[in-house]
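> Just passing along the structure, written as structure tokens.
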Amino acid sequence: MSSFANAEIFAATTLLVVLGTSVLTSLAGLSLALGAFLAGLLIAETEFALQVESDIAPYKGLLLGLFFMSVGMEISAQLFLQKWKEVIAAIIVLIVGKVAVMAGAGPLFGVPRLAAIRSGLLLAPGGEFAFVAFGEAVQRGVLPAALTNQLYLVVALSMALTPYLAAFGAKMGATLERQDVKAMQPHEEETKELQDHVIIAGYGRAGQLIAQLLSENLIPYVALDVSNERAQDLPIYFGDAGSPAVLHKVAAERAACAVIALDSPGSNYRAVWAMTKHFPHVKVMSLINDFRRKHLAELQALTAISGTSLGLGFVREDQAEREKQDRMEKNKKKEEMKQKEKEKKKKEEEKEQAGDVVPVDWAAISS
């Protein structure tokens, strides 16, 4: 197939494989649909899968629409009104049963319980192949037609619930993840490969800016924050930066430095104390937004006692105000320069237009 340069021959060969497999399954006593399904699985495992998918893309929507139209014709609204209790009960049993199976089997294969439940909600509705299987069962006399019609109704309505189940699973997962503090705490397995990284204590506005700069320069980092709204994604963990146990879990002993960017002076002091006492070889930099001489003196005394280095970053209000005024003056000068350029161009255009006008000799015309 790879040597076929003609798109029509490639498509024809694909159809030949599908139809040939369907005929073979029909001769073996199975359905044509099962043969087409097997052919699709075979082609999906080959190197031509992407090209075949691209070729059939224009027809995929049409064929799916035709398939579901034929399925919808099998559904009886009158039957639902007559046996709505049995149908709804069957839908509940189907969804709850699949979720229970996934919740029980997921942890056995290393999948977290919450992820297993969410997967169960996505897989809970019936599948399209159920219509093919039920149709074949009716033809073979395995299932009665009346029961098959009810099963069609159950599968179709459960499939209609798929987007709502997915949204419910996502909302439930987000809620439980915020409440599950243990899941957001750091684990040694996740940080065992960290080396020469930066620890950011506090993932507020300052912490986020520092993390962005580190990411842009491809410098590894981990962040700690006590807000479960912020500690949602790796490498941002829920934990107290003043706790030696938490710092050990983020591999503080192998860190290059630590940036303390917490909100209150007390929290900053605790974090600096924990780092200087238990990890004295790690450089510590503290960001002080509310600059206080007492707070600075406490941190300097602490680092002097422990013999470690402490970097302090702050911006005074008067300095910030001067920088703001400088920016405003620069912008004002730029606007004035632009305005002068516009006026100059306008005068040049007026001179050019005046030079193109030919003076009229009114005395010659009147004579």
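Even glycines carry a Cβ here, placed using N, Cα and C.
So TrEMBL has the following annotated:
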COMPBIAS  318-354  compositional bias 'Basic and acidic residues'
DOMAIN    195-305  domain 'RCK N-terminal'
REGION    318-367  region 'Disordered'
TRANSMEM  30-50  transmembrane segment
TRANSMEM  62-81  transmembrane segment
TRANSMEM  87-109  transmembrane segment
TRANSMEM  121-139  transmembrane segment
TRANSMEM  151-170  transmembrane segment
> Report yes or no: does the transmembrane segment (30-50) come within contact of the transmembrane segment (121-139), defined as 3 or more CB pairs under 8 Å with a sequence separation of 6 or more?
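Yes, the transmembrane segment (30-50) contacts the transmembrane segment (121-139).
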> Report, as numbers and ranges, every residue of the chain located at least six residues beyond the transmembrane segment (151-170) whose Cβ falls under 8 Å of a Cβ in that stretch; write 'none' if there are none.
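For the transmembrane segment (151-170), the list is 71-72, 74-76, 79-80, 87, 90-91, 94-95, 117-118, 121-122, 124-128, 130-131, 134, 143.
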> Please average pLDDT over the domain 'RCK N-terminal' (195-305) for the predicted structure.
79
